[in-house]
Structures are given as C-alpha cells and as structure tokens.
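Listed in TrEMBL for this protein:
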- A:6-26: transmembrane segment (TRANSMEM)
- A:74-94: transmembrane segment (TRANSMEM)
- A:137-158: transmembrane segment (TRANSMEM)
- A:179-197: transmembrane segment (TRANSMEM)
- A:262-280: transmembrane segment (TRANSMEM)
- A:287-306: transmembrane segment (TRANSMEM)
- A:377-401: transmembrane segment (TRANSMEM)
- A:422-446: transmembrane segment (TRANSMEM)
- A:493-517: transmembrane segment (TRANSMEM)
- A:537-557: transmembrane segment (TRANSMEM)
Amino acid sequence: MGSILFSHLAGIVVTYLLTVFIGIVLGRYMYKVYSGDPTWSDTLFVPIEKLIFRVCRIHAKEEFDWKDNMKMMLSINLIWFIISMLLLTNMKWLPLNPNHISSMSPDLAFNTTISFLVNCDLQTYIPETQISYLGQIWLMFLQFVSAATGMAACILIFRAFREKSLSRIGNFEVYFVKSITRILLPLSLLLSIIFIWRGMPMNFAANQHIITLEHHKQTIAEGPVAAFVPIKHLGTNGGGFFNANSAHPFENPDYLTNMLEMIAQAVIPIGLIFTFGYFIRNRKLAWIIFCVMTMGFLLLVIPNVWMEIQGNPAIRALGIDNRLGNMEGKEVRLGTAASGYWSVITTVISTGSTNAMLGSYMPLSAMNMLLGMMVNAFYGGVGAGFINFFIYLILAVFIAGMMVGRTPEFMGKKIEAREMKIAALLVLLHPFLILIATAWAIYVYLHHPVYHAWIMNPGPHGFTAMLYEYTSAAANNGSAFAELSANNPWWNISTGIVLLLGRYPSIIGGVAIAGLLGRKQYVPQSAGTLRVDTYTFGVVLFAVIVIIAALSFFPALSLGPIAEYFLIH
Amino acid sequence: MARKIKAPALFDRRLLREAFLQSFIKLHPRLMIHNPVMFTVEVGTALMVVVTFIAVLHLMLGEPVAYNAVIAIILLFTLLFANFAEGLAEARGKAQAESLRKTREDTIAKRLPYKDADPAEAEMIPASQLRKGDIFFCEAGDIIPSDGEIIEGIASIDESAITGESAPVIREAGGDRSGVTGGTKVLSDWIKVRVTINRGESYLDKMISLVEGASRQKTPNEVALTILLASLTLVFIVVCVTLSFFAAYAHTQISLAAYIALFVCLIPTTIGGLLSAIGIAGMNRALQANIIAKSGKAVETAGDVDTLLLDKTGTITIGNRKATRFHPLQGVDLQHLIDCAVLSSMADDTPEGRSILELAKQYPDKTKFPDATMIPFTAETRTSGIDLPNRKIRKGSVDAVGHLCAQAGHPLTQEAYAIVESISKNGGTPLVVSENGQALGIIELQDIIKPGIQERFQRLRKMGVKTVMVTGDNPLTAKYIAEKAGVDDYIAEAKPEDKMQYIRKEQQEGKLVAMMGDGTNDAPALAQADVGVAMNSGTQAAKEAGNMVDLDNDPTKLIEVVEIGKQLLITRGTLTTFSIANDIAKYFAIIPALFINQIPGFQALNIMHLHSPQSAILSAVIFNAIIIPLLIPLAMRGVAYQPVGATALLRRNLLIYGVGGLILPFIGIKCIDLLISVL
C-alpha cells in the first residue's frame, strides 16, 4: 500500500509543479502577446488576425476607456446569447444530429446558454440524450469566447496600471481576438492531438448499440470529444461532453490525460498572475499574489487529498476494508489522491469539471470545494479569477493603507470613496447571491411538498447540495454536487439569473475600478507609501480573504458539511 | 513652550457628565442613521426590547424573559458606549475651543466712529457687539477685543494667552505682521485695529462647529471606510437572515436573541462605534497643538503630504539672520562702509536690515534727512537704499547691487567676488553696499541652525516626506545651510512666485504639498498648497488662503501637523483591523452555541469550552459591548505614529492590532464566561 500511496502523492506533486512551471512560461508569453511584443507565433497568426480585424472592422490601434470597452464586451455577449437561444431550441431539425436529439425547452436552453456564456458550464441537461453535435460544437465555441472574454477584461485591468496615468486602457476586441488565436487555439490543438493519441474519440458518428459479453444492450455515445475537452479545461469552463464529465473514460482515458486535464485548467489562471507582473513591471508583486493564492490553494487541497486517502470512518466502523480510501464515486484508474486534488483545483479555479462524484466526497472535502468557490480567487477562472482577486486586493490595500497613515494607494493611485463603493458592492454581491438564492430555494422546498423530489438525500447532505448548486452558479464554476435534480424550471431559471449576476457585475466592476484608478494622478512612491510587494502585505491580503470572504459562509457551512462531518464522527 | 490650552484630562468629570448626557440624546434614530453600523444595532436593540415585552406578556411563548432582557440591555449599552465615545470627543473639543474663546468674551472694546478719529472719541462697548469692519483702539494694558488687522500704529503685544509664549511680539500696521488676535494684551504703545471677522465666524467658532455633530462633515477617507463598514454590515444581515431559513431546514431552533447577538457581534461595531470619535479626536489633537483647522479634511490630508515647504528663517535657523561683520573692499575706510551701510538700511524694515543697525550700533533718525529719498526694501528689487543729494547709496543682494554697479560702469571686482564666495561657503549671506554705483564693501549675515532640527528632518525622511527649504539666500548659502540642516532640496533666492511654481511642479508629479506662510504674498501659494498653514500673526489674506491657522506662529508646526494627520488614519485603520479580527473568536463562541443542542458534535468547535450556549452568546455580546469603552482612550489619544518606514509600521500595527485582535477576544470571552457561570 505504501508504494501505491507514494506514487499517487508523487503524481499530484509532479502535476502541480508542472502546472506552475508551464504557468510561468505561459505568463511571459501572454505578456508579449498582449503588449504586442514580437513572439514566435507572429508569422503564422498576424495575417489571420489582420483578416479578422478587417472583416470585423476592428481598429487594432485604437484604444478606449473602460466604459466603451465594457459596452463592447456586453454587446458581443448579447449577440452570442441570442444565437445560442435560437440554436439550442431548434437543434432537432438542424444538421449534425445523427442521434435525433430533440430541441431544448426554453428554460433549459436559457440555463445552458447563460451557463456556457459566463464560463460556468453548469449543466442541468444530459449531454448524451439532450444535445446534438451541432449544439456541442456551439457550446465549444462558447467555451472559447467566454474564456477569451474573461482574459481580455483582465488584460484591461493590467493595462490600466501600466502607465502613470491613462484613461484609454486598451482595446477589448483586440485582446479578445488575440486570446483565442494566440493562446487558446494553439494550446487546444496541441492537447487535442495528445488526447486523440490517448484514445479520446473524435468523430460525428451516431451512437453505437452493442451487446456486451453479459448479453446486455449498451449504447456507446461518441462525438467530437477530443476537440471539446481541451478548451473545457484551458478555458476553465468545465462543461462535460458526457454527463459523467471527466470521469467518463472517453473524456479522460487514463492517468496521463487526467494529469494533463488538471494541468490545462490551471496554467492560464496561474500564467496571468505573472503576466500581471510583467505588465506593471513589478514581478515581486506577482510572486506575492501567487504565494497568497497558493497558500489558499494548499490549505484546501492538502486536507482534501488526506481525507479522501483516509476514507470514511463510518465505513471502517462496519469492518469493511477501507485501505484504498474513500473510493465511493471515484474512478479506480485515477485513485483517491488525484481525485482529491482534482476536486480542489477545479473549484478554486472556476472550471467545475469533475472526475468523480462530488456528492460522495468526505463532508469536509465538500466544504473545501465550497470554500474554493466562495472565495473564487485562489487562482480563479481565466481572467475572472484575477478580477475577483483584484477586488480583494483593493480592500486589503484600503485597510493596510490606513494602517500606515496615508490615504490608501495601489500602484500610486489613491483609492477613494468611488472605488470603495464598487469594491464593497462586489464583496457584498457574492455572499448575497449564494445565501439569498439558497435560502429562497429552501423556503420553496420546505413549503411546497411537490418540490421534495429535488433532493435525493435530505438532511445536511441535501442542504449542501442546494448550497453547492448556487455557490457553483455564483462562482461561475459549474460543478454540480450531483445529488440534486436541477433540470426543472426553478433551478434552470434561478441558477441562470445567479450565473448572470455572478459574472458581469464583477467583471464590469473590476474593470471600472481599474479604469477609474488608471486615469487618476500618479503619486510617486516614498518611504511612507504602503508597499504592496512585501510579504507583510501578503499576510494582510490573505487575512482579508479568509475573514471577509470565507468566514461569512461559516454559519451556512455549519449546517451543511460541518454538521454532516459531526454526524459521521 | 508652555501651552495655555492643555488637553483636558481624559476623564474630566464635567466632560464625562456632558458625554453621558449626549450618549442618550444621540440614541435618536435621526442622529443614529448617520452611522449605518450602529443604526443596525439600534434596530436590533429595538427588536429585542419588543421581543422581551411580548415574552413578558405571554410567558408561555417559551422565550426566556430574563435572558432576552439581558441581551436587550447589553445591546443598549453597546449603543450608549458608542455614543459616549462620540460625546466625549465632542465635549473635549468644545472645552478646548471654549477655553480659547472665553478670554475674549468679557472684554471692553473702544470702538472708533471712523478711521482717523481721535481715541478720545472712542465709545466703550462689549466686545461681543463688534462687527466686521468696525475699528477699535487699544493702548498699553488693554486686552484686544477681537481678531483684526492693525491699520495704524505699532505695539508690543503679549500673546501668551493664546500661544503660551511669554516673550512679547511686535505688531504693526502694514507689512506681514499686522494681524492681532482677540484675547491678547497690548503691553506698550497703541494701535488702531479693523475687525476682520464677525462674531460666530472666527476660526475658533468654525473649529467648534467642526467638532460638533450637526455640521461635522465626514472626511473623504472616513466616507470610504463607512462604505466598507456598511457593506460588511449588509453582508452580515444577509448571513443572519438566511441562516434562519437554513435552520428551519435543519429543524434547529434558534431564538431571535441568538440571531441578533450573532449579527451584532459580527458587524464591525468596534470601529463603527468609535469612528466619529476618532475623527473628532484628530481635530482635538490639532487644537491641542494650537492649530485651528478649517476642516477635518485638511487634517486628514496632512497625513498624505509628500513635500513640505519650510521657510528657512525661524524653522531651520534660529530667528533671523544677523549681520556679523563688515568687509570693506581695498581702499575703502571701514567706518565709511559702516556709515553707508547704516544709511542704506534705514528704509529696510526687515530683521536683516535692523541687524545691520544693531551691528553698527547706530540708530539714525529718519526725520534728520529732509532732502533724502528713502528706497524701501522689497522682495522684488532685493535692495534698499537712500538717495541723498549727489549720493545714491544702495545695499542689497550681490546680484541686485552688482547689476546696479555694472550699469554704472563699475562691475564688481575679483576681490569683491572672492569675499562673497568665502562668506557664502560658510553659510553666510553677503550683502553688497554701493555708493553711486561703486561697491564699497560687503556685509556678512550669518544664520544659526536650530539644534535638533537635523533629527526632525531625519524623522520626516523616514515618513517619506521630502523637505524643501525656502530662502531668499543665494544658491551657495542655501546649499550650505540645506546640507547642514539635512533638508532634501532648497529654493534659493526665492521670490513668492518661485514657491508657487515649486508647489505646482510637485503637484503635477502627483505629490501633496504643505507649506506655512504669513505674508500677503504667500497667500496664492498657501491657497495652492494642499495643506496651507497660516501663522496667526500673518495677514488676513494669508489666513484666508490657508486651510489651517497656527496660533503659535511656530514654523516647525508643519511637522506636527503631518503626524497628527497620519495618526488619524492609523487609528482608524488599526481599529478596523482589530474589529474585523475579533470576528473569528466570536464565530467560535456563537456558532457552536447555536447548533450544539441539535448536533452535539459541535462541542468540538467550542474551543473556548464555554459554559453553556446561553453563557457563550452572552459573553460574546458583553465582550463586544465593553471593548468599545475600553478602546475610548486609544481612540482619543490616537495610535502612536512611528516613522520606521511603511512596511515596518504595517508589520508592527498588524502584530499589535491584527494578531492582538485575533487573540484578545478569545481570552476576553472566556473570562466573561467564567464570571457568568460563577454567577
């Protein structure tokens, strides 16, 4: 057992170190791409981009203020929303539907559209039976553009702090196009090739009906899986091609693909931290931010790996061999350590893909997943995660700035009432969405017995499932606790609204703060200025995140995973 | 310096009574709403009172009456404590300002009907009846009844009532020392003064209104902090309200008292309750330093100052430069040089000019030169002199007089420049004396640098404040003194517009600039500066232009002003940190208490081993309430500022108030719980 445990642990350590290494390299590359420095990819992509800019009438040289940039973002997102609604509700008669799948109901189409548009990929539909290949391809497209939306918005923030004072913080459209052509597409292609080699299907064939050795009928679903899965992780989307997501052998054939999928989802969020360092010419601050995020990540991932390896004490009490750990709901080819690691990397980052049944994790493992989404900024989703972190950064600067006796400044820009108003609203919004939506659902559940079918497992576990669903929606994560029947109008519509509110306000607010600060007069640094690139400030930052963001959920968590923990022990 | 207005003792009985009264008056919701954090506590208290009454009426409801009543009372005390802090700060501010104002209330003014009226025509009226524009007369022995500007006469005045400085000062019409302050005493001679301000509009009156609740404006940082605190409060409203739904799902009974206790403990009541007291106390500290700030914002801005413009004279050097030696040029008789120096300095009223007469020990009478034209000293020409028949005697800066000589065809000789150079190198100031365009010799003026000033500049540098010496000296002298005193930069041969330009230049770089000034020609620069401190002895224009007035006329006061501003922000920041850090312990007190009856496993989270759920909740609420009065002294005095660099300061405050705020409530709540369980 010892050597298996060792190799499992070594596997996740190697996975993490590779992730960080690739992230650092990618961070520098992304900086070059966005700042227009020459890169190896120029010769191939510059002509393509020029063509795109000409066709779309994008003036690549022009820059805009934060408001115009955000208008661009919202308008393009609105267009995708409309196309998506039309497509998903008319799949039945559209091409690429060999399995004769019928169109989605409006509420399911709404939930699915919003969910993929906001980089969440909460899936209340069953992909194998409820979406055609055209629908899958469209969702794949949304996975690219939603990731690029977050990345482009994030670069606008970086740009705002690059110069001493500027009001035009860049061009959203250019960053958006480059995110896709230079980063997401090449990396996805590379991953696709590896995935096909490892046995992932890539076809548009109809389902195969086979008779197994035991003479059971079995339907084998296939499709363009190898094209879908890379962007699902690179773009921190997480929407599965199959219902079982990355637990499905076609979506995650072996340990190597499992590693690659875990690495792929974290490299861009980690890389963006270092891109920020290059943009603001302060790589130390990037390292401080990385350390704070990593600290949070480790505090969540280490207990999860440990608890999953330990297994369930209630099962051990029954005298059942529990040495493989908590294997309920897990894939034997992946094991408890890698699944424990996956559960946290996918929730601190807003991917939300799964390689095991989340509802079968140990209660406190579920709590850590929830916490990852409640904070939503330990690495975080592509672009959006850094924007969330940026809000915490502003709060920490405000508190620490006062403590050194000056009006708080970040990168030489004074943080005043207007910026605080936006930051305070955003800090408020996340618990607001999660707690109020959950409370409302619980009210409905308790007072209308017809809805009792929502929950398969009443008690704390059922509560956790509901809390999880809205937390996942508000954090634009998309993972599901899988113990909730959520494909019905209540959940489709309510999570759809939470998804929208969890996405756009925080992006717009973050970019607005950066835009407002960007145009302010630059105050040169002196001995009395708060330095943010110090570990002391890192401590403040971490404390602010833990106390303000995480602890407001303590009462709710007490009634869910913590209560369940005490029931088991 | 012996200050007249001492800070009243922190717990002076009269002030306590006033604050006690105020803590009830301020319970009015209309006043309370200005403080969103405490307003929600008030709503919670009101709810608890109602619940208690309902429980009294229907004893069968199962709500324990005594427990509810106790919670309601503790919440009420939380409110009263917060109000008390604010009331005490206000009372202290008012007491300080009143003691300043009192001196001028009961004096008699000798009002003159018109400007040139004979003092005999003066009408005796109480000072309180003086209006802006009135003219009054004061002679030796009189108390000056109101602030004003001397329009005629010269007098020595004892300003110790205001400044605590016992040496009399000279105030005279015209020039930059024409301002007089009500409450000071004329020691010799007489003056006619025009009242410059209406009763109720003086700086003191403004200051009093600044510390009083009604007209007090929140400063920009206070507004931003209030927004943050309000949003945290909202978060916890949501946390507590939604918890009731979650508890219903879990079939857990949680009493209203427990919800409200949880809410009140989690919201930042400590900083919320002390916030306005901290702001007022900052103003009070300014007043204690004899500075009248025209707004709270000005005090706060002072903490952000990046650049300090300091006049050399009086700040860096003791008093004024004094003439120390006459250097005749070759072939010039020393006595002739001295005579010419004296003649040319007759029209120079600057302290330097007078020091030349003192060195020569000659005090000529102006009236003995009927056919002479006096050329008074101005900062523009930088010369003074006298035109006698056939003799044009000039004295002034090397540039100015050198230029005159060159025009007359006798440019300064190598010898003259050598003397000038050697004087400048030693930090002295050379003045050239010329007669009919021919240089006679050079007067050496010397500065004496204040002892201890280097350390103060060192301290400022550690704060990140750049010091700039402003002087009329030539660059060589300026450089010498700047280096010796340890200032970062200097403006030599400064004209008023140079100051202005320097301020603008710094501001364009994004820096905040503070300066001190007294003259009318300082007014534009005072207005331009982010923090402009006018000396009380300065002209009305200067006092109008600045945003603070220094009653002591002490140019080093700027340094104190900066520290007061920083202290204000630090006190707010550290108490915010403390307040937020407290939450962790309170969670661990209350959360197990809420659920322990339903799920006994929660005992594991009761890490403080509190006696019972009720005692846990009570202890948390009591701790939450009594921490406010315990921190009042800190809020009043302010957290000490140490110029050790921002990161070291952050680390220090984080250790004391962050880590302290984390640990202290664990100890405090446990102790209170022990007490309760004994009772």
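Note: Cβ is positioned from N, Cα and C throughout, glycine not excepted.
The stretch with the most CB contacts under 8 Å to the transmembrane segment (A:137-158), chosen from A:179-197, A:262-280, A:377-401, is A:377-401. Contacts between the transmembrane segment (A:493-517) and the transmembrane segment (A:537-557): absent, as fewer than 3 C-beta pairs lie under 8 angstroms at sequence separation of six or more. The stretch from A:179-197, A:262-280, A:422-446, A:537-557 that makes the most Cβ contacts under 8 Å with the transmembrane segment (A:287-306) is A:537-557.
If one looks beyond the transmembrane segment (A:179-197) by at least 6 residues along the same chain, the residues whose Cβ comes under 8 Å of a Cβ in the stretch are 26, 29-30, 33, 39, 41, 45, 48-49, 52, 144-145, 147-148, 151-152, 225-227, 229-231, 233-235, 253, 257, 260, 264, 268. Among residues of the same chain six or more beyond the transmembrane segment (A:262-280), those with a C-beta under 8 A of the stretch's C-beta atoms are 15, 18-20, 22-31, 34-35, 147, 151, 154-155, 158-159, 161-162, 183, 187, 191, 230, 233-236, 238, 286-287, 289-290, 293, 338, 341-342, 345-346, 349, 351, 353, 379-383, 385-386, 411. Sequence-distant contacts of the transmembrane segment (A:377-401) (same chain, at least 6 residues past either end, Cβ-Cβ under 8 Å): 119, 147, 149-155, 157, 234-236, 266, 268-270, 272-273, 276, 289, 293-294, 296-297, 300, 348-351, 407-410, 415, 419-420, 423, 426-427, 476-477, 503, 506-507, 509-511, 513-514, 530, 532, 537, 540-541, 544-545, 548-549.
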